[in-house]
Amino acid sequence: MVDVNDKNGGSGAACGGGPDLFGEKIEEGAAEDGTMSFTRSYLQPPQHRDKEYSAMQMLLLAYQSLGVVYGDLGTSPVNVFSSTRLTNLSEEDLVGTLSLIIWTLTSLVLIKYVFIVLHADDHGEGGTFALYTCIRRHVNFHSKFSVQYARLEPETNAACDDGGRPYLGKRIKKFLERSSTAQDFLTLLALLGTCMVIGDGALTPATCVLSALQGIQSRSSKITQDHVVWLSVVLLIALFACQRCGTSKVSVSFSPIMLMWFATNTSIGAEAMFADLGHFNRRAIQIGFSLVVYPALVITYAGETAYLVKNPEKITDAYYSSLPEPVYWPMFVISTLAAVVSSQSMISACQVYAPEINYILMILTVGLVVGFKGGVELANAYGVVVIWVMIITTFLTSLVMLIIWKTSVVLVLAFFLPYMLIESIFLTSLLNKIPQGGWAPYAISAFFLTIMLSWTYGRSKRATYEAERKMNIRELDQMLSSSNIYRTPGICFFLTDLVYGIPPIIHRYVQHTNSVHEVVVVVTIRTLPIKTVLPEDRLIVGKLGNQGVYRCLVQFGYKDYQDMKGDDYVASVVIQLEGLIHTRNEKQKIQSAAQKETVFIIGRTILKANKESGMIARFMIDYLYRFLQKNSRSAVSTLEIPSERTLQVGMLYEI
């Protein structure tokens, strides 16, 4: 787990006065000082700006997308017909199957995803969770269970201006803002969809690589299934080892393989796409699919069908059997490489590279290959849960169309009803696979959902506890002005996750030590839902009261390399504070403190369920959440702080 989110969600106030940022309500027209400046900067964080691409850059991105986005879909001709398990095939059966494949590609992939859903991005990011955060940017969530994240205001003031929105869209928005149950339901849907993508992401590499390598068994009796399984394991480990190189290098390496694959298939014979949007832009993905992938797939499936009409008994090995003998081995090599590449689409969809997630996916994928031994159970498990993700995507996209795009009800129904019907039919056809191996992706999804629910529940409880017990500026000034408090020379950086208000752990620390440094900087690090934050926007400082206490907010984008050194950070903050302060005495105080001792105090909170909590709540808080918290990487770990100047202060929260 990577702990990078804001503690109180960063939702702010949509209209009227500002939020209770420091424990006191900031009203419109407040005096322009350090506090107000910080408040305004916090409420208006750096906005996402779409990067402009030239025609050549767009074509290059479309080319690179072939190696990351379309691998899974592009290699589907290898295993689609062989996985149907049909017998006594007639020409009408085969032509009907081809028709179903083409219309599925056209309606679900080309129309739904390429031309509709790709537009429902969240600052350039795609996927189920991106749809959820997009809705949250326009609907004020108040549920304590909702996922906490650094919220960016919408590009237009949609929270305050409902003019022009269709009547149903207004009613749905108001209903969502009033109903915490509906908000919890949307949160659960987003988490469920994300977990199911991960579940399918573990199966996709296993199935694709095995399907490609099993073609060699039809040509050599010496190759056994065990050989195929262990060769697949080697290729999969190599693939996951490549992830640390980054999407750009991976796509440059893999794109030629997929281009060769599509070209050779043409001459012979989706959900992941939306989730991969953050790695490439919308237009590049649309160009890649419309001009290369879609026509290549239609031609390849048509060629396979034409072969099977004359040789229906070859359906169990349809793709490799349809290859002419002279090109069999070259195509086997290309298909094996393409199968390795195809695994990349779901791996990229599951993550912006994080070592922990990458290793977990690798272990799950290799375990599935070895556990099922490449048998029919693995084929049955493939794709069983992703149809749920497609249904969730249809539902959330319909909400985006109503609430954000202000689409007419007729057009929304024209999108929602047909796709919900089609995907529900696909869902019912897959239910019979659950006892025959299809349970595996459900088990993986349930495992990750348990983790996410425990983490979300624990963080929401912790945020509520801190919000109820945080100090305001008046209480802070009163405490520090007491004659019993000794002000130690130097600067103390108190690192905390709480953005709104002053965390109770500071009060506990001062209360028990009866001392505090002459200059205290409360530091919070947050990751914004944008790719990068410019250096000039990275540090935001503000003043807390009149007793030498300041606030510093450190901001990163999710693709920024967070490598801030402790000493460099101190120097940067001192410069920012000097620019903030207008009185000579206060400036001299900060400069003098900077030349003396610098101490970093890390606030560490431990949650414990109280006696009134139920058995499930106690299990989630005392065991699951505490385990995850101990093994999480806090946002403050991005600061390379000298250990000899670091002090960790703990506090038990009984909730």
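Here, residue 1 is simply the first one shown, and the rest follow in order.
Glycine too: its Cβ is placed from the backbone N, Cα and C atoms.
Positions annotated as region 'Disordered' by TrEMBL: 1-20. According to TrEMBL, the compositional bias 'Gly residues' annotation covers 9-20. What TrEMBL lists as domain 'K+ potassium transporter integral membrane' is 61-269, 351-476. Taken from TrEMBL, the feature transmembrane segment applies to 94-116, 228-246, 258-275, 287-307, 327-347, 359-376, 382-402, 409-427, 439-457. For 489-655, the entry in TrEMBL reads domain 'K+ potassium transporter C-terminal'.
The stretch in 94-116, 287-307, 359-376, 409-427, 439-457 that contributes the largest number of Cβ pairs under 8 Å to the transmembrane segment (382-402) is 409-427. Shown for the domain 'K+ potassium transporter integral membrane' (351-476): DSSP residue counts in helix, strand and coil, namely 105 helix, 1 strand, 20 coil. Taking every listed stretch (94-116, 287-307, 409-427, 439-457) in turn, the largest tally of C-beta pairs under 8 A with the transmembrane segment (359-376) is reached by 439-457. Counting Cβ pairs closer than 8 Å to the transmembrane segment (287-307), the top stretch among 94-116, 409-427, 439-457 is 94-116. Looking at the domain 'K+ potassium transporter C-terminal' (489-655) alone, the prediction's average pLDDT is 84.
Residues of the same chain lying 6 or more positions beyond the ends of the transmembrane segment (409-427) and with a Cβ under 8 Å from any Cβ of it are 107-108, 112, 116, 166, 168, 387-388, 390-391, 394-395, 397-398, 401-402. Residues 1, 145, 147-148, 187, 191-192, 194-196, 198-200, 202-203, 364, 368, 372, 377-378, 381, 384-385, 617, 620-621, 624-625, 628 of the same chain sit 6 or more residues outside the transmembrane segment (439-457) yet have a Cβ under 8 Å from a Cβ within it.
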